[in-house]
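Taken from Swiss-Prot as is:
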MOD_RES   Ser25  pyruvic acid (Ser)
ACT_SITE  Ser25  active site, schiff-base intermediate with substrate
BINDING   Thr57, Gly73, Ala74, Ala75  substrate binding site
ACT_SITE  Tyr58  active site, proton donor
Amino acid sequence: MIRTMLQGKLHRVKVTQADLHYEGSCAIDQDFLEAAGILEYEAIDIYNVDNGQRFSTYAIAAERGSRIISVNGAAARCACVGDKLIICSYVQMSYAAARLHHPKVAYFEGENQLQRKAKAVPVQVA
């Protein structure tokens, strides 16, 4: 049995650019890609915290250290500069591997400052 699991997550990054006329994709600072284990050209799902939009595209690398999150092409209609996003990638694996799997999660605040990294999403308390 194959399971689809969270592989990497950029939590609450801020959109710095939205370019409707750029060829598709989402440009992400190379440091951020590495923090979440997301590869260039990997499929990603994006969840817009500010407007509730959910959409899929692929990651491309932005300049290392630039703190850029640029939503491009048709996806630019789903996010505005300043919106907070959750960007996720997923991986498929066997049930046995999934039981041992830990995602790479990177948490951000302010102007895309990396606050911390984790290998799990915290348990939600009542």
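Yeah, the Cβs are placed from backbone N, Cα and C, and that goes for glycine too.
Feature annotations (Swiss-Prot) mapped to structure.
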residue	record	DSSP class
Ser25	pyruvic acid (Ser)	coil
Thr57	substrate binding site	strand
Gly73	substrate binding site	helix
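Residues Thr57, Gly73, Ala74, Ala75 make up the record's substrate site, and a Cβ search at 8 Å around their centroid adds Gly24, Ser25, Cys26, Phe55, Val71, Asn72, Ala76, Arg77, Cys78 from the same chain. In this structure the alpha carbons, written CA, of Thr57 (substrate binding site) and Ser25 (pyruvic acid (Ser)) are 5 Å apart. Counting only residues at least six positions away in the same chain, the Cβ atoms of Leu20, Gly24 sit under 8 Å from the Cβ of Ala74 (substrate binding site). Separation of the C-alpha atoms of Gly73 (substrate binding site) and Ser25 (pyruvic acid (Ser)): 7 Å, rounded to the nearest whole number.
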